[in-house]
Amino acid sequence: MSAGPRCPVCAEPCLWPRLLPCLHSLCARCLRRLGPLGEPGLAAPLSALCPLCDAEVALPPGGPGHLIPDYLAGSRGRMATAGGCDLCAEGAAVRRCRTCGAQLCLFCCQAHRRQKKTASHAVVELENTKDCSQAGKPLFCPSHPTEELRLFCEQCDQPVCQDCVADRHRQHPYDLTSNVIHRHGDALRELLKDTQQHMSILEDVLGQIDDVGSAIRSHAEDVAAEICLFASGYVKAIEEHRDRLLKQLEDLKVQKENLMHLQKAQLQQLLLDMRTGVEFTEHLLTSGSDLEILITKGVVASRLAKLNSIAYNTHPSVDDGIQFSPQERAGQCCGYEVFGAILNKVVDPARCTLHGEDLQSARQNQLTGFTLLCNDTTGEQMQRGGEAVRVTITHKDKKDCAVEPTVCDNGDGTYHISYSPEEPGLYGVCIYVKGQHVQGSPFTLMVKNKFREHQGVFHCCTFCSSGGQKSARCACGGTMPGGYQGCGHGHKGHPGSPHWSCCGQVKESSECLGGPPSGTSQRSLLRTVVL
């Protein structure tokens with residue numbers, strides 16, 4: 001008989017395999033060897049490290065023995081082999097006995113039907129991968145071993161048998177597995193689609209990292225050649241200075257490559273984990289039976305959702321900025337003043353700061369601005385310009401309303417950003433340097449309404465009561481710019497045509513020094529001037 005599936009850890013025949021939350025399958029012996037990471041006695045379930053991917057996985061309260069059985073381990077093992085006959089191990093399997101699960105060649109199939117014990121067995125053609133799995137085998141309830149799992153409890157999200165429905169799952173909503181498989185299978189396919197999209201992005205990022213690595217090595221070689229050419233004109237002092245520069249360059253290159261390799265290793269591990277999840281899920285959906293999909297669906301969905309929620313940087317964590325400046329003073333070397341230094345001063349967006357009197361407020365149709373100070377990785381100001389600075393100012397309520405800012409490069413590491421908002425309201429402001437947010441970005445900007453005059457007519461008697469002063473205030477307490485309303489008393493400097501712009505609030509106790517106009521009572525005058 002051909003060898004069955006083997007455990008990926010111990011390489012022994014995989015007996016009673018069970019599925020870890022990371023979707024790796026281990027035999028019962030290797031599961032017992034898992035070392036728990038949690039402390040005994042805690043309420044939370046213990047966890048362990050997967051020996052294949054080093055992921056920390058949660059164990060059920062009952063221990064590894066209560067993990068979900070891996071029903072597809074056998075089919076995966078058979079698919080990985082040549083697909084030979086299970087009886088003679090020589091001929092190619094062309095049919096399968098649905099009763100005993102053996103794969104048979106044509107000769108053994110005929111013998112299988114002639115034997116008295118197996119004559120009644122149902123033998124079918126090997127048409128697809130699902131037929132090669134345990135699709136034809138009934139799965140029995142672990143709580144009621146004589147009952148087949150045919151129902152699915154919606155509340156508990158697990159397959160159950162008839163006795164379970166009458167016992168522990170009484171009054172729980174349930175349905176036949178054949179009726180719910182489409183909905184749950186579609187949910188897994190959506191998660192699978194999202195994971196595949198993440199895999200595509202990760203592969204692109206890894207390609208970018210490889211390109212940056214090649215550029216770093218290429219630029220490092222170019223700078224090394226330039227350093228050697230510059231140092232060839234000097235004797236011992238210059239040669240020593242050259243060696244020192246090459247050592248600094250090597251350290252810088254190693255530092256950048258170490259950071260790049262760290263990011264690459266993290267992304268590769270994430271991609272490997274996702275690929276494992278995708279391969280398992282694809283195999284589950286294509287090779288598993290409806291019941292197998294429903295049984296395994298929970299742990300698969302949990303794993304894919306966890307992988308999809310992991311944040312990762314879509315850009316290389318380092319750049320290829322390595323430059324050499326032969327005009328830079330490098331101090332003394334062997335008594336000689338030498339020139340030439342490696343410029344590794346690179347702007348760090350996280351250390352760039354914003355400066356201004358009031359960054360978070362502005363006035364409608366009024367030009368305002370602030371200053372961006374670019375610093376390097378040590379927090380020191382960049383002494384040169386030319387950085388890629390991008391600013392966006394977008395209205396939070398009106399998505400089509402945006403302000404076009406002006407960025408002025410001062411050439412000394414500072415940039416002045418000016419803008420004039422046309423609409424009042426809340427805006428979201430984002431400042432990017434080299435495509436990354438600077439310190440304090442994004443932030444909210446409140447644009448207030450422009451200054452506007454009070455609406456209404458200024459009560460003339462308030463003017464009169466003030467002695468004819470233009471700085472008189474209305475009952476609302478505001479100073480009235482503009483003209484003033486004549487009260488008809490012919491006061492000096494109090495013409496009758498212009499009027500004060502006001503909110504229309506007046507005090508009934510305000511009396512005109514000359515009294516109301518002829519034929520008009522104080523009360524009626526108030527009614528005529530209040531809006």
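Each Cβ is built from the backbone N, Cα and C atoms, and glycine gets one as well.
Remember, TrEMBL labels are computer predictions, not curated facts.
Of all ranges given (107-138, 171-202, 235-266), TrEMBL attaches the label coiled coil to 235-266. Helix, strand and coil counts under DSSP for the domain 'B box-type' (136-172) come to 5 helix, 8 strand, 24 coil. Sorting the domain 'B box-type' (85-126) by DSSP state (H, G, I as helix; E, B as strand; all else coil) yields 9 helix, 9 strand, 24 coil. Secondary structure by DSSP for the repeat 'Filamin' (344-447): 3 helix, 51 strand, 50 coil. Taken together, the residues in the repeat 'Filamin' (344-447) have a mean pLDDT of 89 on the 0 to 100 scale.
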